[in-house]
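Taking it in order: structure first as structure tokens, then the write-up.
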Amino acid sequence: PCLDPLISPLYASSFLASSRYNFLYSAHFAKIYSSGWSPSPQDRQPWMQIDLGKKYRIMAIATQGTFNSYDWVTKYTLLYGDRPDAWTPYVMKGGNMTLPGNWNYYQVKRNVFHYAFTAKHLRFLPMGWNTENGGKIGVRLEVYGCPYSYVMQLEGDDMVAYSFPGGRMRTLQDHYALNFKTLEKDGVMLYSEGLQGDSIMLELKTGRLYLHISLSSTVHNTNGMTTLRVGNLLDTQHWHYVTIRRYGREVNLTLDSQTETAILNGDFNYLDLDKQIYVGGVIEKDLPHLPGKFNFRGCMENVFINGINIIYKTKYQDPDVRLAPKKKKMHYTCRDLLWRPLTFAGPNNYLQVPGFFRKSRLAVKFKFRSWDYTGLLMFTRFADELGSLELGLSEGQVNVTLTQPGNKRLRFAAYRLNDGFWHTVDLAAKDNLLTITIDEDESSPLKITNPFMVRTGDRYFFGGCPKTNNTARCVTKLARFHGCMQQIFIDDEPVDIDVMLQRKWGRYTELLLGTCGITDCSPNPCEHEGRCIQSWNDFLCVCNNTGYKGEVCHNVYRESCEAYRLNGKYWSGNYTIDPDLSGPLKPFTVYSRAWTIIDHDRIDSTKVTGSSVDQPYIGDLKYVNASWDEVTALANTSLYCEQWIEFSCYKSRLYNTPAKPYTYWIGRDNVSYAYWGGSFPESGKCGCAINQTCTDSKFWCNCDADYRQYSDKGYLMYRDHLPVRRLVIGDTNRTGSEAHFSVGPLRCFGDSIWNTVAITKPTYMTFPTFKPGTSADITFHFRTYRTSGVFLENSDDHLRNFIRIELNTTEVIFIFMVGDGIRNVTLRTPKALNDNEWHYVEAELNVKMARLKVDFFPPAIHKFPGQTYITMQFTQPLLVAANHTLRPYLGCLRGLRMNGVPIDLEGKVDERNGIRRNCTGACLNASIPCRNGGQCIDGYASYSCDCNNTAFDGYYCQLIGAFFDVGAWLRYDIRKEPISDDAWWANFWIEPHWHNFTLGYNTTTDDIEFSFSTQQTPAVLLYISSFHKDYIAVLLKKDTLSLRYRLGLLTHKFQLTNRNLADGFPHFVNVTRHNYTVWTQVDYMEPWVERLTPGEIPRFDSPKSIFLGRVMVGDIDYDIQRHNSPGLVGCISGVRYNIFAPLKAYFRPNVTNPPVTTQGYVVESNCGAFPPVQGYVPWEDDPWFTGLFYYIHDDVTPPWMTIVTVSLMLLFLVLYGLYIYLYRYKGSYHTNEPKNLESPSSARPLTETLRKEKKHLPEIQEEVPSE
């Protein structure tokens, strides 16, 4: 490989620098793993230059900071050339001339060039460096390559012709390669042709490179010429590298790093060339060049034709090579013209040069090239206060402004010159006459003949005026010029920049000397045929008429109507969709209702006559606003499609033929289908045959019976065959026969790309490596309760190039490292995103910016500086739902698309590894469901129960009950004062819905539920008092359970059941009232419906308190009083009245002083309602999942863990046996620990003290109340 280190073997004399910090930081210490070079802090434009001794092919560069310091370069520019005074900048993809550097002093940062170049001299320009902790510029470097050079100079009147062995070359594949540099915009570099019309030509035309190649044959009159074009501004005297590869009709043309691919026209695969191939032009006797073409003028290097080194054969006078007539030898060195361009490359750039003072004639001549519309080219102030002369660009035209005291300001404008090419400006002025010649066109110079005087000043400014020390009073309203200049002449004398600056005759700021470093829109960074407009350091994409938008014409519309619906647009209307998103197909407009509908031009009936099987009628369908490929893409991504088709016949048959059908339709992929609407593929039938409704049962279509007039119609519903592209009708040529056909619009529904998965275990899915090029867009939906996790990641082998999208509660973070360090775009939302609702994420990355959007929130945008280079060359598989360190995402994902391509998430479904189809988590098959109306909160790997809206608590909302001993009671105060009539009416009219409890209750609605268990009767289980006479009571007798309702003057009595519920088992009671209707249910019996007495207002007026156990109010009904003593002895749990849960407020208070009062023995108990269960431990709470330990799978327990576990168990048994032996005679102690639940029928609480089980424990004996 061509990767030899080229700097390490060099001597100290090969290094040169603009300055040095001190002797220990000299340039020759800049070798890798040496101490390093640092320039002087006063050096405004530091550089280091390396002479390699001879030309090498350069492949890569590596950099370090200076040894053991805070000095390193973060970005830099590399110049190369054949001479130390003429430089070419290395340009990365995207037009960026800045390479990424180091982030510390010791690590080696290697940049592999995306195109190799040849050079003898290198110049290193620091563009950014570390400034923290006193850091400064510091670098050590190495360059990798190999010797490589055969050079030939061509002057336009010479060429080389290589004769093919045998007089002919017939090839299936070709490989041509050459390097060139030139100052000319036009010239033929390669040319050959064959007798049958085959030809190949490589030429420069207007600064661009064209390849013309034809495999055609004049015998068959086939036009096989194909043209490829790459590059721009190639007349820069910089080396460019060209490769042509062809195999059959496939050809690739590569210029530097840009590659164009094409399929050649015609049907042939071989290139047949006769006699010879010309290099550098075509010169024969009486033919100095090809008609209308110029021969190449410049340097060529390493010209290879299918492995044959043409320059080598020419140099050693191979007999297969001949030169132009009258030419006897070629020059094998590249004789560069002695010119030194300047690049004006900064916001404050200018160049000041001296001139001859007080001369009566002014002459300025120079060349420039630029993309800018405006900018100052030259300014000078006349002597003797005679005014000034300004030459500038305005709207791309040359403007001359002459200002003198007492005279008008004279302006003159001509030419549009901001096209990026070199242009010559020659200005001459004397008294009363000023002439300007552009591009040496002397036939029509521009003249100003107004009266004025000329006395030259002593200073000329190019590119701008200085901001400080402006003693010459350079004043202009024009912006600074950005571009290149060369060959500057002042008063007919060339300006030698080196001598001028060395002797301090001039000044400059923000110039690059010896190189022209402007970039162009080649290759076009704008996608989807967007138009690129270039400036001096950036570009602008004009996306008009492309159907796209954004910085590089990459942003897209939604992929379907279903996608619009999922993003909140539910209304019908016209929508612009793009089924392949950022793919090559353009967006188009459809009508969306519940269906996506695309019309065409065959919806109305079309009459057909005179057609036969041999000469059929072909009816093409032209869809509205969409190409055939775009409509096909819509059908392909839809869940279901259908299209109506109808054939009305008058003696015209469809399929009644033993051979080819008379009539058929053509659908997707240009495939013919011989089945009609209403039937199914490969049936060869119409819908009437399927429904058994054909006119003649002997035929499968009505029209096949060949009667007078019938029709066959129905829907085509097989999506993979749609849409209909054309109809072929071939049986209307008999006497009196005709047909009418019509096709309905394409109607599609749903979206097949919305494949959805749920990730319920820490895992990840792998997909092929993402290869986005220079632009990437990623879209998906997610839904989760988890606070964090990585959605996806793709990287290279060393994580030096990666993209990642992750979640962090209220943030979605787009992190990437694609050329210039780690960057991120963070979008913060006002509410948490882990709310188990669907959220939409859209991330975009291109050379202009990174953009992140979530739902309808404003996007977060990180714009890159001009000439930013990004490289997204990933090598690892795409990881979804985790990254390389397994920071898993748990939740649901759907509709993941990368650059418009759907990712098949459902193809990775694996229940065993925790990847489920559709959005189903741990709540789907919960081992223990949430009880008592608790909401299951899906953690996907685990779940929890939300008990906030219930009267229960605990992991499964199964807890919170109370045991009431004799005489114990609990009171919960709903309100301290009655509600006023005004407040009641306001509450009623503003929110009359019967579920409204904004006042704490709704006077026309009651909702009561609780469980109880007891063996004692009678008892008042529940009593709700009011500030008036109203009340609600649930009474337990020995054989009945009854309900008392008092609303106003009447008391309503309802018997809920006549069973004996004082059996010690838990029972459930539910009472719901709305206006006059009362629903009651006990346990799991059928609900009963009761009616209150109509007439009075069904209003429970101002509820005051809830009593459990006993009723402690002064004035209660006699019936209640009879049941109120001795009170409830037993358990009651899950008590809820509307939104009030008194037991939960008492045992789980969320305020400092809950409105609860108790008396007697009231302790918490689960009342035997459910057996105690051990809650599931979520994986993130499990120590085996933390960073302290590696996760240990159940099926791979290490042997050492088994040994340790067994040893600990044995030790525990020994200690426990010793404890029992030593302390068995020491008595016992009183405990408040709850006892284990013995059976579900127990009416005692878990916290009841232990009963006497042995005679030697009399102090904890307790009497059981009798019935």
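The backbone N, Cα and C atoms fix where each Cβ goes, and this holds for glycine too.
No curator has checked TrEMBL annotations; they are predicted automatically.
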Per TrEMBL, cysteine bonded by disulfide to CYS892 (from CYS919, CYS923): CYS919
For the disulfide-bonded residues CYS892, CYS919, the one whose C-beta sees the most other C-beta atoms within 10 angstroms: CYS892
Contact call for the domain 'Laminin G' (754-919) and the domain 'Laminin G' (340-516): at least 3 Cβ pairs under 8 Å, seq gap 6+: no
Beyond the flanks of the domain 'EGF-like' (517-554) by at least 6 residues, Cβ under 8 Å: 89, 91, 94-95, 97, 208, 230-233, 258, 343-345, 369-372, 420, 482-484, 576, 578, 582, 584, 586-588, 774-775, 777, 844, 846-849, 866-867
Across the domain 'Laminin G' (151-334), average pLDDT on the 0 to 100 scale: 88
